[in-house]
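Below is one structure, written out as structure tokens; the observations come after it.
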Amino acid sequence: MGAATSALNRRQLDKFEHIRLRPTGKKKYQIKHLIWAGKEMERFGLHERLLESEEGCKKIIEVLYPLEPTGSEGLKSLFNLVCVLFCVHKDKEVKDTEEAVAIVRQCCHLVEKERNAERNTTETSSGQKKNDKGVTVPPGGSQNFPAQQQGNAWIHVPLSPRTLNAWVKAVEEKKFGAEIVPMFQALSEGCTPYDINQMLNVLGDHQGALQIVKEIINEEAAQWDIAHPPPAGPLPAGQLRDPRGSDIAGTTSTVQEQLEWIYTANPRVDVGAIYRRWIILGLQKCVKMYNPVSVLDIRQGPKEAFKDYVDRFYKAIRAEQASGEVKQWMTESLLIQNANPDCKVILKGLGMHPTLEEMLTACQGVGGPSYKAKVMAEMMQNMQSQNMMQQGGQRGRPRPPVKCYNCGKFGHMQRQCPEPRKMRCLKCGKPGHLAKDCRGQVNFFRVWTVDGGKTEKFSRRYSWSGTECASSTERHHPIRPSKEAPAAICRERETTEGAKEESTGNESGLDRGIFFELPLWRRPIKTVYIEGVPIKALLDTGADDTIIKENDLQLSGPWRPKIIGGIGGGLNVKEYNDREVKIEDKILRGTILLGATPINIIGRNLLAPAVPRLVMGQLSEKIPVTPVKLKEGARGPCVRQWPLSKEKIEALQEICSQLEQEGKISRVGGENAYNTPIFCIKKKDKSQWRMLVDFRELNKATQDFFEVQLGIPHPAGLRKMRQITVLDVGDAYYSIPLDPNFRKYTAFTIPTVNNQGPGIRYQFNCLPQGWKGSPTIFQNTAASILEEIKRNLPALTIVQYMDDLWVGSQENEHTHDKLVEQLRTKLQAWGLETPEKKMQKEPPYEWMGYKLWPHKWELSRIQLEEKDEWTVNDIQKLVGKLNWAAQLYPGLKTRICKLITGGKKNLLELVAWTPEAEAEYAENAEILKTEQEGTYYKPGIPIRAAVQKLEGGQWSYQFKQEGQVLKVGKYTKQKNTHTNELRTLAGLVQKICKEALVIWGILPVLELPIEREVWEQWWADYWQVSWIPEWDFVSTPPLLKLWYTLTKEPIPKEDVYYVGACNRNSKEGKAGYISQYGKQRVETLENTTNQQAKLTAIKMALEDSGPNVNIVTDSQYAMGILTAQPTQSDSPLVEQIIALMIQKQQIYLQWVPAHKGIGGNEEIDKLVSKGIRRVLFLEKIEEAQEKHERYHNNWKNLADTYGLPQIVAKEIVAMCPKCQIKGEPVHGQVDASPGTWQMDCTHLEKKVVIVAVHVASGFIEAEVIPRETGKETAKFLLKILSRWPITQLHTDNGPNFTSQEVAAICWWGKIEHTTGIPYNPQSQGSIESMNKQLKEIIGKIRDDCQYTEAAVLMACILHNFKRKGGIGGQTSAERLINIITTQLEIQHLQTKIQKILNFRVYYREGRDPVWKGPAQLIWKGEGAVVLKDGSDLKVVPRRKAKIIKDYEPKQRVGNEGDVEGTRGSDN
């Protein structure tokens, strides 16, 4: 064990572990605290073995004791721990940390007294401090001295590596925090400039901070040179020169010169101390840069402990660049002033200037449960004492009767009042208004002249542009924006054209307006001129007088002393009367006070004569601004304004004038080069106009946004609430400010009639209607505001979509209304108003197209139109209504578009209805006449989804809970020519589950109209590589069995029909069959295709065969259709084949390659065709790959069509991630490359079973593991890696799969590991399905084995080796081995082909004796070779070709040694 852990013996360790960390706490010291302390020793250049003895602990305390009052939390914790160890070594009995610290403080004071006594004794005896070795300590008295005197010479002692290491570690850990300055002071005590530069040089990674320090050094050095000019003339011999600024910085002086200036010069110049002061100034600037929080911003939180607040306060005050007096003033005033109300009451009771220890002791536990209990006990005690005083002879003042503030009756208080809460003013008690609008309140929310002139009522509206808002009592003009803007600042300003606006208030006879504008999101500081001297001062309306720092201003003339009251007490100032002050363009005369103020202040004595206005309102800066920019390389819109009628121009002028007053838009001039056209339309009531802006060009140039809300909330997903309220955020977009840097792009122009003058140009200050970024920015901003409100109002459930709010709660009506009012107040504080006229308090609530009640919900009334003539547009609207109604009305059909005749038409063209469409329309109208209602979601109760099949390939489903309908939906089959209803059913299941996850976040229990045996029979052979949940099987007639049965093996003793067909380019063809027993039939077809002829041949074989039949075909097209077992098809020929196959008992359908000399197939080919087609495969590989990427045909089709070897065709399919999968899935395909595996853990009989599946083949590896940990998972993965090649592993994101052990195995085995979301159909589809199949197999064989482990392994054997099906009709093991061997054959074939391509051929053609070439060898056969000369492929007899290797450099033709024909008879 290390030194820190062995600092105490067993007895001392027992005593140490019984000491509590805090007096009232339960936690005690542990050995981990010793280990931590040992690691912290190195920061202070101390060895950790000092913790092992009493003397060592005392040395540590001597180092830490001076730093403890201003140290960090870690330093204080270390000091406390060392104090406890000191007491343990000293055998002092202590119970907690405070007792140990008290004992150590006493000891430290004793040590300090002894040291002072020894120092005094030594000085009186010898006059100089000496150590035992005769080395004199420098005059500074510090123990960290870098110089020692030996005899009459001073010798420099460099800084120790431990000191430099401590300095570097402090900077690295604190990052120029406030602790760096005292740390530097402590480590550089008594250092020379050389040593200080050495400390700076070791900070190599902080060049930015060092540059700041360097600039401060240069400035101070220049000031030193100015204040200390060099003496004129040469220096006398032997005299030491005076140090210059660069000498103090150590750049032009030696170490010996620095020592002489410090210790022997006359007068002595302590260059080290001067240089330290310069460095400290630079470090303070760095601290301010790295800690931008001002001490003025440090305020105690409502639940923050006073001790934490004090720590933050002192950390910030150490970072302030101010003198000690100012910091002392800040500490005395701000520490109490910025405390929370609870602590402030206690601190004010301590009297003037309490010590920090008294404040910490008094505020200990404030805000906690014990403190609250104590306050409640004191209050109850006071109440009881008052009651006893009244009972004892009616002594004391009698209590007045209790009166309710809400209803005015006596006998109860407001919180006990049963009547509804009334809006009443807290100031005057009158109903009808709140305190913020009270006229009896002095100058509240009014435009206030400082000199006390008459004021006007203030209109609480937003104004970002600086214009004055209209009065709240003004007459509403009929032409104006439809909604009010929320509250904000309103103030006057000068327009961009330079014209001064009229003021609406009385200004004491001075027609000046407001002389300047300053936003209040920062301190209003302005440069003023006092007697011609520029002074930066704070404009403070709360200060009576103007007071300036003495260092900033020197005034001459008579003055008189004065004492003024401040936050920290009285201040002695000098009063100068009748002094000239210039603020902006106003020249005033008044009284100036000069004194020790922390900041210059302009008070009301000078502000009042200037007649300014103070406008108080809600600041729009509270709402965060979302930055927006244009796309890369795009520019803003520059579209000319089109002509408008006079009526529209006047309407736009009225609207924009109102918008400008409310601050939503502001005027711009011609310097803005962008423009967007505007126009206006009449509203629905035809009495008002609405302004519209054509932002199409700006939307094209604006950056892309992502809709943060991907859909509208559905009422079926809402929980049932006792109370509901629906709110609407009024003028939603106009409540959110637009990025100031983007506003210029929204500029628009209102033209004038007949171009009688220039148009008036504006730009938006808030989110405009019609701009692409407005919805996203509003959604994101409103969501962040509501997130904080939801935390403060947990009793409310708030659902937001854009500006519509659904608010529900389980409270009673009175409490609910109170909570909603709190919500509206909080939204109002952010500038989001909820107008009363759009607030819905009584059901039914209109919300998002629904009608809501507390116990149910309905769709708004849907009425189908009755028209004589219908256009395409009318039909589209009708289908949209039916789709919307289908979420609650079951049985609706939307096949009207397909049933209407006429083909594709324009939107306004008339369409003709078919009888089927009219019948469907009438049926839908009847369904909509009945009232349907949905219920709300009840958590904890399972949801069931019932599926019903409709006519025309449509499906309907209902979500129910306890028999009540939550929601209804419908599903239509995908657009496929040949479909299987079971496959459609699987797609429907996935749609239902996805919809349930979106709305409720859980999966429903499915009720499907199919028998279990029927489904499992189909699913066993045609399972999807996707996830299918559990469901209940409901037997209904439609899907009992609607498809035919295909057997896996030939039917014995039954005739075999070989079908074939041929088609010519003239659209004429033949189709027929020949049977094993000699039957044959051939028919001539007209106007057909080869595919149709193949299907016709199969139909003929089915017509002429018995109940059991074997059919062999060479058509991949026909084979692909029929093996999918479709139940319906758009092709009449396929429908006839399906009907014939359903009548059969057993059908064996097999494919063989065409034109390969296979018996039966060759005979039928001769009957229907002449000649065969041969294609060389090597030139067709790229074409085959392109065709496969487009149509995804299988490898057999590729090999047959393009004449490719099987291994080449299989490789093309294997390279496609969409095709190398099991079955024929429609959705949810996963990557099934040859090396891809999926792994998951499942549970069986309370044991963990880990399963891995090879995706491409379905091969399973599984075993029982003791625990679901990363170690066991890694061991299982290593077993599989030792047996099979793995290149990619896909799992879910469980902790065992994301562990370090699994990551290490994947790294070692070069396995790409990906994770996905559990139950996602596109993630773990294969493994989820295999888990289900494995459990089904185990259930069938569980009785045959004793142990679960044996059952799992036996199930793997049965699945891998005993079941055939899927791709190629093989077992999983055969398929996996086939995939691996195919990979090896491909590699071998590629090597062989590459070798062949390395040969060159010289050849002769016909009777031409000239040898041609060289050509590229493509293929070498027994009697001929295939070569490529240029772009031509040629077949040349073997005897007319000479093959040579392509050596470099090329060989000559006459070199017979390289000619293949000269090497022997084998060639």
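We count from 1, first residue shown onward.
Note that Cβ sites are derived from N, Cα and C of the backbone, with glycine treated the same way.
Annotated N-myristoyl glycine per Swiss-Prot: GLY2, in sequence order, evidence recorded as similarity to another entry.
Note on the motif 'Nuclear export signal' (16-22): residues 8, 28-31, 34, 84-85, 88, 94-98, 100 of its chain, located 6 or more positions outside it, place their CB under 8 angstroms from a CB of the stretch. Sequence annotations record features per position, and here Swiss-Prot assigns motif 'Nuclear export signal' to 16-22.
For GLY233 (site 'Cis/trans isomerization of proline peptide bond'), the Cβ neighbour count at a 10 Å cut-off comes to 6, with all displayed protein chains included. According to Swiss-Prot, the feature site 'Cis/trans isomerization of proline peptide bond' maps to GLY233, PRO234.
What Swiss-Prot records for 662-852 is domain 'Reverse transcriptase'.
What Swiss-Prot records for 845-853 is region 'RT 'primer grip''. Using a Cβ-Cβ cut-off under 8 Å and counting only residues 6 or more beyond its ends in the same chain, the region 'RT 'primer grip'' (845-853) has close neighbours at 712-713, 715, 724-726, 801, 804, 806, 859-860, 884.
The site 'Essential for RT p66/p51 heterodimerization' annotation in Swiss-Prot covers TRP1018 (among others).
Sequence annotations record features per position, and here Swiss-Prot assigns site 'Essential for RT p66/p51 heterodimerization' to TRP1031 (among others).
Annotation source Swiss-Prot lists Zn(2+) binding site at HIS1188, HIS1192, CYS1216, CYS1219.
DSSP assignment over the region 'RT 'primer grip'' (845-853) gives 0 helix, 6 strand, 3 coil. The DSSP breakdown of the motif 'Nuclear export signal' (16-22) into helical (H, G, I), extended (E, B) and coil residues amounts to 1 helix, 1 strand, 5 coil.
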